Every structure is written in C-alpha cells, then in structure tokens.
Amino acid sequence: MSLCERAASGSALLWPRVLLFGDSITQFSFQQGGWGSLLADRLVRKCDVLNRGFSGYNTRWAKIILPRLIRKGPGMENPVAVTIFFGANDSSLKDENPKQHVPLDEYSANLRDMVQYLRSVDVPRERVILITPPPLCEAAWEKECVLKGCKLNRLNSVVGEYANACLQVARDCGTDVLDLWTLMQKDSQDFSSYLSDGLHLSPMGNEFLFLNLCPLLDKKVSSLPWLLPYWKDVEEAKPELSLLGDGDY
C-alpha cells in the first residue's frame, strides 16, 4: 500500500474550531491587525478561527441565522469556543434607525435564545463567551452620521444599557463575558483612540479586545494539543511513523 493510500485509509485530521459570531466589529476583525486575525495567529496549528461576522446585523437577525451556522455534529465538528458579539446595532435609537434597533428586552431574550440553542446542539455554556458592545464616541460618530445625511443615531448611555443587559444574560446563563463597554472606559479614560470612527474598532481597539479576550479563550483551548509534530520531531527515516495515526500530536 502506498503512503497516499495509507493516509487516505486512516483517520481524518480534524481541526478544532473557534467561531466568532457578531456584527461588523466581528466581520472586520480579520483585517490587518484585527482581533480575529490576532486570534487566528495565536491559535495556529491548534484551532481554525472562523469569522462569522455580518455587518449591520442585530440579535433579531442573528438568532434566525445561527442554526444555519452551527448544527449538531459528532465530536470535533462542534466548536470548542463561540463568541457572541452583538449590541452595537441593537442599541441604535429607534426614531433615527428603526431597521437596526432592537428593544432592550428583546435584545436580552435573543441572547438567551442563542445560548440556549448552542446548548441544544452540544455547545455547552462553558464554551460560550458573550461580548458587550464597546462604548460609543458620540462626537466622532455624529460626524459619520452627518456625512451620510442623517442625525446622530446612537448614544453611549444607551449602549451602556445594552452592555449591562448582556452582562445580566451571561450571569443568568452561566457563560463567560467580556465587558468591553466598561473596560474601555475604566477610570474615566479617554476611549476615543480605541475607535476608528466612534463606533468601530481602531488598531488600538482591536489589540485591546484581543488582549482582554485571550484569558477567557485560553481557558477553553489551552489544553488542546499542537496539531502534527514539530518538524525536528519527525522521524527522519520513516516520517510516516510520525505523521500518520498516533503521531498526529
């Protein structure tokens, strides 16, 4: 039997998956220096980091599409970690942005429903990380709104209400949570440098999110092995002894 035939007849090498689910702040996270790309680099040869960010989406729409993204599967097909990062659009002011706005109570219910759905497809709460929306720099975002011909359609105080609701859902459901809204404003610091336009993350904001998310994510993936041996550990005379079967890790 050839080496190719032996490899084909053996077990498939499955990469554990970390799934990032959110709005534009997640969609843009794979740009250069983005928090998603930083995670992918940190977890290389341990996990595939999947970007499932949808610009402009809110929890009302997210709840509908989640079952299309994650379904019950055997073992390693289930994500080892899932981030749920919504609220920046839900917290839009109803009068100024009714399409994206989601009432606070519904926002909480949608987050709960998504956590419950994940549990139903064998992604337990211990694998889930909720992330609150970041604070809003109203002065910078108002300039963006004016350029688009509309009024200021978000307020930081309102975003804070949604952040608090996200925290409460995490407490109720027993998931981890990253309180980005509070951390970026800690000790009344100027958080504007964390944002590129008052709403989305700047390079500094991406790094801030990455550094604060890592401790939560490490609890879920630190025990995972490096996939396939280090090159110096590959058997020189018969590399298949290292690269097939039990030599995967």
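A Cβ is built for glycine as well, from the same backbone N, Cα and C atoms used for every other residue.
What Swiss-Prot annotates here:
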ACT_SITE  Ser24  active site, nucleophile
ACT_SITE  Asp197  active site, proton donor
ACT_SITE  His200  active site, proton acceptor
MOD_RES   Lys63  N6-succinyllysine
SITE      Gly56  site 'Transition state stabilizer'
SITE      Asn89  site 'Transition state stabilizer'
For Ser24 (active site, nucleophile), the three-state class that DSSP assigns: helix
Distance, His200 (active site, proton acceptor) to Gly56 (site 'Transition state stabilizer') (CA atoms, angstrom): 11
Distant-in-sequence Cβ neighbours of the residue listed as 'active site, proton acceptor', under 8 Å, six or more positions away: Ser24, Ile25, Phe28
All-chain count of other Cβ atoms within 10 Å of Ser24 (active site, nucleophile): 17
Coarse DSSP state, helix versus strand versus coil, of the residue listed as 'active site, proton acceptor': coil
Coarse DSSP state, helix versus strand versus coil, of the residue listed as 'N6-succinyllysine': helix
Neighbourhood of Asn89 (site 'Transition state stabilizer') by C-beta distance under 8 A, where only residues 6 or more apart in the same chain count: Asp23, Gly56, Tyr57, Asn58, Gln100, His101, Val102
Site with most surrounding Cβ atoms, counting all protein chains shown within 10 Å, from the recorded positions Gly56, Lys63, Asp197: Lys63
